[in-house]
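Chemist: Have a look at the structure that comes next, please.
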Amino acid sequence: MGFRVCVIVVFLGCLLLVPEKTMAQEMKRASIVIQGARRVCETDENFVCATLDWWPHDKCNYDQCPWGYSSVINMDLTRPLLTKAIKAFKPLRIRIGGSLQDQVIYDVGNLKTPCRPFQKMNSGLFGFSKGCLHMKRWDELNSFLTATGAVVTFGLNALRGRHKLRGKAWGGAWDHINTQDFLNYTVSKGYVIDSWEFGNELSGSGVGASVSAELYGKDLIVLKDVINKVYKNSWLHKPILVAPGGFYEQQWYTKLLEISGPSVVDVVTHHIYNLGSGNDPALVKKIMDPSYLSQVSKTFKDVNQTIQEHGPWASPWVGESGGAYNSGGRHVSDTFIDSFWYLDQLGMSARHNTKVYCRQTLVGGFYGLLEKGTFVPNPDYYSALLWHRLMGKGVLAVQTDGPPQLRVYAHCSKGRAGVTLLLINLSNQSDFTVSVSNGINVVLNAESRKKKSLLDTLKRPFSWIGSKASDGYLNREEYHLTPENGVLRSKTMVLNGKSLKPTATGDIPSLEPVLRSVNSPLNVLPLSMSFIVLPNFDASACS
């Protein structure tokens, strides 16, 4: 039986602007073998996730204040483009949380403290006071989230009732009353929450604060009991429990799972900011270095191993990842070049059994998928949307004889039989002709071709557009992504020669492939990304 295959091809380089004579100086061949007989692991159906944070408009880093009005408490939820950008995913998982979530008070029940907005305060965590979520705003958020069809993960305050001991360490029992009142209100209104997450970056040595694994584990048992009681007689589906939303430290995570015990925590989350600080002058160099990008694979592997050994009832998620911390890198995180890091992260994490990957942020900072204020999609938005539409749950093993710069990931196609490949080429000079096989049969041969100019090379893949090739044979779909005008720091992504921008009516543009005969050569350009669909690929794991 024939199967359809999707290939995602991503090309990276080390220059920000690459002239035509530099791209395609070297013609190389590479063979790819997809092991389609079995799935090595599976992601969640809604693997792609984006976050909404709590930062006020005056949150600043490096003398820059890139947040504006983009947070849970102050974002304009009536903007049509924001709604359409989320709806395009059908659905998008949204995680509400961030550094200030452990200072949020919920304005419900018998609240004994004033419910005021976040204000700058030198003695406060991350330089801010405690803040408040009014139920009127919670109602507005849920109306918005329901209208967009979002799958919601909400991060709860895990410091309520605790006190500071020394340094970053906090102690004392968690006060669950305000959280329980908040959950009761949420259920009484019929608001659908997929998952409740407990705390943000309190694990191990912590970031602004830390809580011991012993205390954390015991409090998770309390929270699980609260969730069970609140949802016991409700028609709503009981949400899963997610924790701890911090940076992975093996000993702390192991102890947390041992203390909380079987079936308390459903999902174990960790955060990734493997590119370092947002003002690092080496940020671009790191994105373009395959050996650097590969270093974080050990974290994905170790998290999964810790869960398998000490909490096999739970699943691993990346609960937050923005590449560069402290709001991201200006003119990097919001440009085309960041998709090289982002798509590599999606492929690598999925290969290590990560079920969900939450991008920091949907809106806010320099790393937003959408531009703050205008909500115009940045390049990574389209990378996320194409992944979500084309990459299925099943992860396959794949090998290549290509150089280290050519990185390869494989998935079953989404919503249809077939396989999806993600290829990342970190060379700014090599133009590859790729052959694809299942280890037995060559599906796509690498055919020799003469060296051509960049313009000729781009024209050829875009020559057949439509639902059927002119010769009537089976086609593959190709989605070629390039930066506008060849500038890697461009804020505009180009799909098959067409700039991706909201339409005149304010809609997300359609993402249409070009069609080519499956027998024609598959050519992959430097510094570009491509999704390619191949029919008749023998992958029984994807039937």
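Every residue, even glycine, has its Cβ placed from backbone N, Cα and C.
Got these off Swiss-Prot a minute ago, pasting:
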- 1-24: signal peptide (SIGNAL)
- N184: N-linked glycosylation site (CARBOHYD)
- E201: active site, proton donor (ACT_SITE)
- N304: N-linked glycosylation site (CARBOHYD)
- E320: active site, nucleophile (ACT_SITE)
- N425: N-linked glycosylation site (CARBOHYD)
- N428: N-linked glycosylation site (CARBOHYD)
Chemist: Round to a whole number and give the Cα-to-Cα distance in Å for the pair E320 (active site, nucleophile) and E201 (active site, proton donor).
Modeler: 10
Chemist: For E320 (active site, nucleophile), which DSSP three-state class applies?
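Modeler: The residue in question, E320 (active site, nucleophile), is strand (DSSP, three-state).
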Chemist: Please report the Cα separation of N184 (N-linked glycosylation site) and E201 (active site, proton donor) in Å, rounded to an integer.
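Modeler: Cα-Cα, rounded: 26 Å.
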Chemist: Which of the glycosylation sites N304, N425, N428 has its Cα closest in space to the Cα of E201 (active site, proton donor)?
Modeler: N304
Chemist: Cβ distance under 8 Å to N304 (N-linked glycosylation site), same chain, sequence separation 6 or more: which residues?
Modeler: P316, H352, N353, T354
Chemist: Using a 10 angstroms cut-off on Cβ to Cβ distances, just flag whichever of N184, N425, N428 is the loneliest among these glycosylation sites.
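Modeler: Checked N184, N425, N428; of these glycosylation sites, fewest Cβ neighbours within 10 Å: N184.
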Chemist: Work through the active-site residues one by one (E201, E320) and point out the residue whose CB has the fewest other CB atoms within 10 angstroms.
Modeler: E201
